[in-house]
Amino acid sequence: MPDILDIFGPPAGAVEYIKEKKIGEGTYAVVYQGWAVPIVKISPEDKSKEVLPDKDKEAVAGKRKIAIKKIKVNRSAWKDGMDLASIREVKFLRELKHPNIIELIDVFSHKTNLNLVLEFLDADLEMLIKNKPLKFSAADIKSWMLMLCRGIYHCHRHFILHRDLKPNNLLLASDGQLKIADFGLARDYGDPKRPMTSEVVTRWYRSPELLMGAKMYSGAVDMWSVGCIFAELLMRVPYFAGDTDIGQLDMIFQALGTPTEADWPGMKHLPSFVEFKRYQRTPYSQLFTAAGPDALDLLDKLLQFDPLKRLSAADTLDHFYFRNSPRPTPPEKLPRTKSTEHHKQAVDLPSDLKIAGMPPPAAGGGITLGKRPRPDDTTGETRPPKLRQ
């Protein structure tokens, strides 16, 4: 099997990547804040001579703040699938160029590491949700939902499942744009269908079919997560926050009612199906008192038990919720957190790591740099860039 470092090779040579400080570390990766600085030619006559601009000068033309995700590569990594996941992450991010998906700027090998160079984003949606002094208008929520659905629609158009959508995987740029990040669990799908693991998606955002062990699934698992995020934006707390998989299902059934075979045909044939106490549905209008009927209709169609009845990303974007008043807030006018304490570029997290108040991440999930869990991604070229410590 080829070495992963041989696959990607060195970086593009027109830029120097300067590491500034470490902002996160996990089992397989370290993330640094840094700068991408163009290499300056001495003169047009002698193009072979290059000089690096002073890294301490703030006003370097084309200088860009970046995150460098350094993945530790070794031979044993092939055995646990880490390198394969890294290759997938790079492949998908190279393919998924979109304003609402994190940008992979470059990817290259350096010594024994694989380096992903990503756009630098210092906030995520979870930070805003938890910042109670910030007030969300209906137009603000609609704007975030629109950007999220556009990004996931782009993924599904390319037959890619994200499989770990949650607020702290939705990063926020300085211009207000929402960016889907952390493609470490993403997989391509389509025809012919093939079985996939059900051990994906952070528990609070995991669909009922995954909680019951489904191996054959589609973009509907991402759309359930979108519904959970929508509910969280409306409530400012997670809608379903179970401590175990069984507890998660119980919370879902308490809120939405216990499904019958008529509600969800084939449910009893899922690998981990168990009978639950019969709960009656709690009307959305009793829980989401400030939400309009169009928002509640969209929420209901996203949180359908039967994956075949759940709205697709395309149908979600076509829902009348997005056409009705109020119009979505322009991204640059959305609420912003004033805090710069938390850094939101993240890395792979040990599967047994517990974070207070959060469900365990899905296998291969990320950790937040700063105080909470959060991961990221990027893309590359060839010919190793100069990398300063």
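Using N, Cα and C of the backbone, Cβ positions are placed for all residues, glycine too.
ATP is bound by Ile23, Gly24, Glu25, Gly26, Thr27, Tyr28, Ala29, Val30, Val31 in TrEMBL, and the record lists one more residue there from Lys65, Lys69, Lys91, which is Lys69. For the pair Val31 (ATP binding site) and Asp164 (active site, proton acceptor), the Cα-Cα distance reads 20 Å. Under DSSP, Ala29 (ATP binding site) is assigned to a strand (E or B) in the three-state scheme. Neighbour density at the Cβ, taken as the number of other Cβ atoms within 10 Å, is lowest among the recorded positions Glu25, Asp164 for Glu25. Thr27 (ATP binding site) sits 18 Å from Asp164 (active site, proton acceptor), taking the C-alpha atoms as the reference points.
For Glu25 (ATP binding site) paired with Asp164 (active site, proton acceptor), the C-alpha to C-alpha distance reads 20 Å. Annotation for the binding-site residues Ile23, Ala29, Val31: lowest Cβ count within 10 Å of the residue's own Cβ, Ile23.
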